[in-house]
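Over in Swiss-Prot, the protein carries these features:
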type     : residues                                                                       : note
BINDING  : Asp13, Ser63, Asp437, His438                                                   : Mn(2+) 2 binding site
ACT_SITE : Ser63                                                                          : active site, phosphoserine intermediate
BINDING  : His124, Arg153, Asp154, Arg183, Arg189, Arg254, Ala255, Asp256, Arg257, Lys330 : substrate binding site
BINDING  : Asp396, His400, His456                                                         : Mn(2+) 1 binding site
Amino acid sequence: MTRPKPVVLCILDGWGISSRPEQSAPDQARTPNFDRLMRGCPHGTLVTFGPDVGLPKGQMGNSEVGHTNIGAGRVVAMDLGQIDLAIEDGSFYENAALGEFIRKLKASGGTAHLMGVVSDGGVHGHIQHVIAAARAVTDKGVPVVIHVVTDGRDVPPQSAMGFVTELLGELPEAARIGTVVGRYYAMDRDNRWERVARAYAAMVRAEGLPAPDAAQAVADAYARGETDEFIQPTVVEGYAGAKDGDGFFCLNFRADRAREILAAIGQPDFSAFDTGRRPEWAALLGMVDYSTSHDEYMQAAYPKRQVVNTLGAWVAARGLRQFRLAETEKYPHVTFFLNGGKETPEEGEDRFMPASPKVATYDLAPEMAAPEVSAKLVEAIEAGYDLIVVNYANPDMVGHTGSLPAAIRACEAVDKGLGMMLEALEKAGGAAVVIADHGNCETTIDPETGGPHTAHTTNPVPVIVFGGPEGAKLRNGRLADVAPTVLDLMGLDLPPEMTGTSLIGRA
């Protein structure tokens, strides 16, 4: 057959397959274009969690893990498992960068400020990493203040009290909790600097709502009607803020939602909001590399391992043109993560990132920037790129709110975009691989509590090939098989590093 051009990799972020259609937004939504694909095209399912994507057994996937594996075309061992193993075998406590951090604080006489998401969700961080770091630092005689970031998004919306109680029970004597802050404020990634400013004010200047202890901070938030994600920055009695000679250690291992708060804390030329006089930090440490700019003022306990010969790099090496498209909420995913942790575009790689709407939560604007993404996708198809990667954020971002009516509207907005894409591809003679990176909006009710379900799932996700070889069949697989499938459609061989295999079987 004639090689299709362009080939579109269309990622429906958070669109899983549920066995309970009554609570599934994709099942309840009117999606004629997705339905057309499922009726008329080869399709299968993908595994997006656990060892199939480089995570511990049973651990749900997420967008970072998903896009990393998609772009790599191989199973990539993720940071969660690496850090868990280091804590288990004791090597974490001998980590060179952590040792240097401790030495600098012993020399300055300062306090170590530890910030991390306190839950067992395992998407951005883990409570056990916070506990291990507190022990490692206090064992060497350095006092610790912990800045608790409450989750409620990758775990049930009102589970923080249990995690705070667990943390308090495990902390060494020389460690205490200084602040309690919902991730809505501390872990923004879309330039909502007014939120980040409030988290910064609490952690660094001890300015926020008062509470006698961390458990009461959570209880007070619940009394105000706030769930864990949205707990307003709260300062625990006795915490007076950071001072010159202190150090700051971010325990989150996922980059995208750590970058903004860390820039406010340490970036020399930071100007997004007025931080006032910042402490002269003796040391700044991250669990991982957060970006090349962060590397200029922070060390990393576990530096990123470069993934070579990704989908984008291989296409670029063949002299072909590619286009990356997503609204700003998913900007890092189709660029940094898909390119194996590389910030800069590949040769011949163009990008367009329309702004996500500035609303408090995305159930208030479930269409998000999908209309603009869809219009730009049609333009890119008509422009003659060889490869286009597009991410629709709606199913995931709206799914995180737990609102089924809003998630239905989100899926319908994405389906309109699918219709526009299919029409443009038919005119251009192109093809598409339509997938999801993990599930979310297909489960809106928590089966255990009966309340809203806001986390990712371990459900299978769809994979569909449009415009592929005549009579082709599709087998089931995992995310590592996506890049080989795309390269197969493009008529390209695989780099030796790609151990995934094409899902396309020919008659």
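Keep in mind that glycine also has a Cβ here, set from the backbone N, Cα and C atoms.
These numbers come from a predicted model, not from an experiment.
In this structure, Asp154 is the one among the binding-site residues Asp154, Asp396, Asp437 with the smallest number of other Cβ atoms inside 10 Å of its Cβ. Comparing C-alpha positions, Arg189 (substrate binding site) sits nearest to Asp396 among the binding-site residues Asp396, His438, His456. Among the binding-site residues Ser63, Asp396, His400, Asp437, His456, the residue whose Cα lies closest in space to that of Arg257 (substrate binding site) is Ser63. The Cβ of Ser63 (Mn(2+) 2 binding site) lies under 8 Å from the Cβ of Asp13, Lys330, His333, Phe337, Asp396, Asp437, His438, each of these being in the same chain and 6 or more residues away along the sequence. With respect to Cβ neighbours within 10 Å, the binding-site residues Arg189, His400, His438 differ, and Arg189 shows the lowest count. According to DSSP, Asp396 (Mn(2+) 1 binding site) sits within a helical segment. If you measure from the Cα atom of His456 (Mn(2+) 1 binding site) to that of Ala255 (substrate binding site), you get 18 Å. Neighbours of Ala255 (substrate binding site), defined as other CB atoms within 10 A of its CB across all chains, total 23. Here His400 (Mn(2+) 1 binding site) is positioned 15 angstrom away from His124 (substrate binding site), judged by their C-alpha atoms. Within 8 Å of the centroid defined by the CB atoms of Asp13, Ser63, Asp437, His438, the record's Mn(2+) 2 site, lie the Cβ atoms of Ile11, Gly14, Thr48, Gly61, Asn62, Gly66, His67, His333, Asp396, Ala436, Asn440, His456, excluding the listed residues themselves.
Calculated from their C-alpha atoms, the gap between Ala255 (substrate binding site) and His400 (Mn(2+) 1 binding site) amounts to 19 Å. The two recorded residues, His400 (Mn(2+) 1 binding site) and Asp154 (substrate binding site), have Cα atoms 8 Å apart. In three-state terms derived from DSSP, Arg257 (substrate binding site) belongs to neither a helical nor a strand segment and is classed as coil. Neighbour density for His456 (Mn(2+) 1 binding site): within 10 A of its CB lie 29 other CB atoms from the protein chains shown. Following the DSSP three-state reduction, the secondary structure of Ser63 (Mn(2+) 2 binding site) is helix. Candidate binding-site residues: His124, Arg257. Fewest other C-beta atoms within 10 angstroms, Arg257.
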